[in-house]
Amino acid sequence: MENVQANLFSKDFLERWHRSYAKLEAHVRQEELVFDGIDEELELWVNIQRQIRHMLPPVLKEKLGTLNFDFKAIQNTWENRYRQLCSFYKKYGHTYLPPDKEHEDLKDWLVRQVIHKKYLTANQLQKLNNVGVDWETSLTREQRWDQMYRRLQDFFLTFGHSRVPQSWEKDKQLSHWVKIQRRKYAHGKLNEDREQKLRELHFIWSIQDVYEWQWESYYQQLVAFCSRFGHCNVPGTHKKLVSWIERQRISKKKNLLAPERESKLTELGFIWGFEDAKIESWEKSYRQLLAFKREHGHCFVPVTYKESKALGNWVATQRFLEARGELQEARRRKLEEVNFVWSRNTKKELTSIADKNWLVNLSKLIAYQEVHGTYQVSININPALQRWISWQRKMFFMGKLSDSRIDKLNAIGFSWNGPDGYWEKMYEALSDYKAKFGHTRVPFQWAPNPKLAAWVYRLKANKSEVEPQKVELLNQLCFDWSLSRRTFVTWEAMYNRLVAYKQEHGNTRVPAEYQNDLKLGKWVSRMRQEKEVLALERINLLDKIGFDWSCRPYSKIMKS
């Protein structure tokens with residue numbers, strides 16, 4: 001929350017805030033009523049102030065207070081819709097709203113009141129009864145069909161197709177309705193107007209065609225996985241894809257898999273047998289062990305190995321199986337070929353290997369200095385040696401580097417500090433970042449300056465090792481020491497960021513990978529996907545700024 005509130009002191013925010021305040025003040029002085037005759041843009045700004053009232057700086061709250069601003073009276077969308085319904089009732093004497101464009105939003109609202117009658121307050125029920133809302137017949141068959149069609153439209157705009165999954169958890173009613181439309185079409189009972197409307201959403205009439213599309217969709221996911229990793233052994237983290245793969249194996253075993261599908265999968269290198277899959281899994285872990293040995297010079301992978309806990313567990317499992325006599329002889333031989341140690345008590349062996357490797361790296365460092373004239377190893381020339389140097393410095397400042405190793409490094413004139421001026425250079429870059437974005441939360445692996453992102457992450461991860469004077473300098477920038485890569489931000493705060501984006505770019509189509517605000521791009525995408533479950537007040541707020549609910553892909557990712 002503190003990070004969100006800090007953004008409310010930014011220069012850009014305050015300038016926009018005071019401009020809107022001046023418009024509101026002029027309106028109040030002239031009309032003496034805040035909401036009479038207020039324009040849509042100013043009304044949106046007023047509602048935003050109420051939404052973020054708990055985060056507003058006191059000085060801004062005081063200014064609004066001089067206008068008798070009521071922070072608690074959030075613009076009541078329900079009351080607005082009800083007043084529209086009253087106007088219709090006074091004019092026509094009933095509340096049977098026609099299915100035209102003019103009354104579409106009001107009709108949708110009334111339909112929701114009827115459907116969710118049990119959630120209405122006693123006061124709301126009484127008000128609707130006062131204008132003669134017919135709870136039994138308010139929804140004609142035509143109205144119900146139109147309502148479900150609009151929900152299918154929303155689905156189409158969100159996902160780019162109209163293939164609603166069977167028994168879809170998010171909207172089972174829509175899933176059932178789609179089935180009914182297919183059934184009526186198959187029996188020739190769907191009228192032409194409705195058929196045409198559904199065709200506009202690329203509706204698939206045959207359930208078999210839906211199954212074909214689903215199969216092809218999973219197949220393409222598998223193709224993408226194989227292209228990226230070079231094999232089809234999908235890990236359990238891809239639950240849906242793994243489940244689909246298992247169904248293909250079962251179908252083939254029962255001779256139920258179409259020959260063309262079997263051919264397509266075989267061409268990918270698909271592993272058909274469950275036992276074959278297990279063999280490939282073992283071989284994959286073995287290859288990872290070989291890679292570990294190439295980097296570290298041994299096979300003693302700790303169970304708590306941070307880079308791959310799965311590999312640490314796999315190594316422990318091989319020892320366990322060997323101790324019980326259950327490890328296949330061929331696998332045992334392959335492991336012994338790489339000097340795999342079966343004893344669980346490997347501390348002595350590890351110490352010996354670690355000492356040997358340390359001396360090897362020291363020799364490499366000396367050789368590097370003879371060629372380049374410095375012990376500051378470039379990560380572009382020898383990344384492994386550069387990481388080793390960083391580790392020695394870290395252990396030294398933590399007091400965990402042995403005296404003998406300290407003496408050896410001191411003897412060659414090794415500098416325990418990093419490259420001259422590097423910290424100051426990064427600090428200056430962070431200051432520029434703070435001036436531009438109003439905070440110091442540099443995104444992890446930030447593309448415009450990955451070195452800055454890595455530097456910020458190391459500071460957070462090693463806070464206890466940062467010198468006090470440097471901590472003080474960072475605190476002057478309101479440095480966020482939190483290691484969490486996903487900081488909680490309120491819905492209202494994200495909405496304000498979207499409003500600011502629109503003011504700058506003239507639209508709400510924030511690319512999913514918008515470099516200046518990655519979180520905003522993902523948030524906008526999520527709003528589209530979750531429209532069905534969004535609170536009505538939030539939908540209205542988004543509609544007021546012309547939010548684009550469609551999911552059209554954007555070919556160019558904005559860089560600024």
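Keep in mind that glycine also has a Cβ here, set from the backbone N, Cα and C atoms.
Taken verbatim from TrEMBL:
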type   : residues : note
DOMAIN : 76-133   : domain 'Helicase-associated'
DOMAIN : 142-203  : domain 'Helicase-associated'
DOMAIN : 214-270  : domain 'Helicase-associated'
DOMAIN : 280-340  : domain 'Helicase-associated'
DOMAIN : 355-414  : domain 'Helicase-associated'
DOMAIN : 422-477  : domain 'Helicase-associated'
DOMAIN : 490-547  : domain 'Helicase-associated'
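Counting Cβ pairs closer than 8 Å to the domain 'Helicase-associated' (490-547), the top stretch among 76-133, 142-203, 355-414, 422-477 is 142-203.
Here the domain 'Helicase-associated' (280-340) lies next to the domain 'Helicase-associated' (355-414) in space: the count of CB pairs under 8 Å, restricted to residues six or more apart, reaches at least 3. In terms of DSSP helix, strand and coil, the domain 'Helicase-associated' (422-477) has 40 helix, 0 strand, 16 coil. Secondary structure counts, DSSP: the domain 'Helicase-associated' (214-270) has 40 helix, 0 strand, 17 coil. According to DSSP, the secondary structure content of the domain 'Helicase-associated' (76-133) in residues is 40 helix, 0 strand, 18 coil.
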